[in-house]
Amino acid sequence: MCGIWALFGSDECMSVQCTCAMKIAHRGPDAFRFENVNGFTNCCFGFHRLAIVDQLYGMQPLRLKKFPYMWLCYNGEIYNHQTLRKQFEFDCQTKMDGEILLHLYDRFGIKKMASLLDGVFAFILLDTANRKVHVGRDTYGVRPLFKLLTDDGFLALCSEAKGLIDITHGMGAPASIVPFPPGHFEVFDLKTSGKVQSIQMEQFHCCRQQPSHAIYDTVEKLPISLDEELVKSNIRNLFENAVRKRLMAHRRIGCLLSGGLDSSLVAATLVKLAKEEKLPYPIQTFAIGSDDSPDVLAARKVATHIGSEHHEVTFTVEEGIEVVKDVIFHLESYDITTIRASVGMYLVSKYIRQKTDSVVIFSGEGSDELTQGYIYFHKAPTPKAAAEDSVRLMEELYMFDVLRADRTTAAHGLELRVPFLDHRFTAYYLSLPEEMRVPRNGVEKHLLRESFKGLDLIPDEILWRRKEAFSDGLTSVKKSWYTYLQEHLESMVNDDDMEEAYKRFPHNPPHTKEAYYYRQEFEKFYPDRAQWLSHYWMPRWIDAIDPSARTLSIYKPEKDQ
């Protein structure tokens, strides 16, 4: 996890422009560098480093003697870099996983390069010999990237939008800043002036396809039978493989543990594989909530069962409310459920950074979208509709759960890893018959639960624990975290403001005082940038007025809560 930043064709003072890159310094607390491109004084790379792999040679932009005309700035982890080195017999100079991008690009070109990467990434690859700038982002947008491109060809790129909003250029109106689309690469011609022209934008992978790199994966070709026992075995094998490949790190690994199904499966598998791989330390797990939080109680049961070194972080409602503004600043979003859920993740990440030496953090993001885990899936009219909505949620992860998970951990210099979003795993799960993936017997994620049944990996009561949104499970069932937030914010927005909300905020107008407050704070940090969020996250097929599952008529709390 790092912060990348680059300018091509700046007309302004570069030293002034470079101060903008310091706004993402939290992403890489170990070192930073600015470097001008030879022969292009108005082109510059900025890099903030969090050292995870190859601590000696991992600074960027990466330059190799073999490719003196190439410059690489990238943020991410390439889990199959060793496999690809052996497969294509590349002569590598460093142990850095990102070096594989340069070798693949040199041999195969940009499209095949991107499609062969098994990992999460955002990259900027400059080829001065051919005067090309290449930009790309992983399938689900696990690693963030924003782009600013002016009409006259000035290009600026950054891991977070906050590093671009104060960039100056010769145009009158503010330039559009947009998230770079996940699963795509873009190619620009680089002119002698340093300015660029986009010549190609192409999708290299989508979540419904088997990835090109699958043929080189450590898990061999899967049996294609739809026998349920074989399917469950495939799910287990692919999930374990997804966790194993993510053990690649020179820094200590930990895991967020909410006590729900997803984080519990990740934590249990991680502890199991860490013992097999003989990691020289116990896996630390982290839970957050109030004293009577159902999540904290459930996480405690899981941690005892799997034998992790468990940490419980308690927070008060006042502490949660106090960090809401910081959370909005880091998220660059005003989405209601994203902000609610981010408060706990922000606070637990702060604890991990200050109180422990864990830096690489595993988490359960992506499972609900993939396995139809949200309670509203019980109301899906048909299995086909449910399957289509699952894909929609996967494609929108970069605006919601994946964005939350990246920004709240990156705010404290931690690196997030999300095995449920492994390419092989997601492609296989989405290829299964629609009827197989829907909730069954009143239980969501039934197939996933069945796949781990009888293994004693996690306690049975957790394996069958129903979905509880992270932002809801932080506090007791008697009073949800969102209720505390709403009560506090009621006095912060007056009725007159609400009446004018449609006029003041025509794009995604807020319908509640809570939403109005979030939007108001967002606009202070990022004026006129509301388009970064295309729509609010809301349940489907049910008359919902709030994103919380606890407000839905079909929500039933667990008896022991």
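Just so it is clear, glycine is given a Cβ too, placed from its N, Cα and C backbone atoms.
Pulled from TrEMBL, these are the features on record:
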ACT_SITE  Cys2  active site, for GATase activity
DOMAIN    2-191  domain 'Glutamine amidotransferase type-2'
BINDING   Asp97  L-glutamine binding site
BINDING   Leu256, Ile288, Ser363, Gly364  ATP binding site
SITE      Glu365  site 'Important for beta-aspartyl-AMP intermediate formation'
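TrEMBL feature annotations superimposed on the structure.
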residue : record                                                        : Cβ contacts under 8 Å, 6 or more apart
Cys2    : active site, for GATase activity                              : Arg27, Gly28, Phe47, His48, Arg49, Leu50, Gln60, Tyr74, Asn75, Ser159
Leu256  : ATP binding site                                              : Ser263, Thr285, Phe286, Ala287, Met345, Val348, Ile361, Phe362, Ser363, Gly364
Glu365  : site 'Important for beta-aspartyl-AMP intermediate formation' : Asp262, Leu397, Asp401, Val402, Ala405, Leu416, Val418, Phe420, Leu421
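Taking CA atoms as the reference points, Asp97 (L-glutamine binding site) and Ile288 (ATP binding site) are 33 Å apart. Among the residues the record lists as binding ATP, namely Leu256, Ile288, Ser363, Gly364, the two farthest apart have Cα atoms separated by 15 Å.
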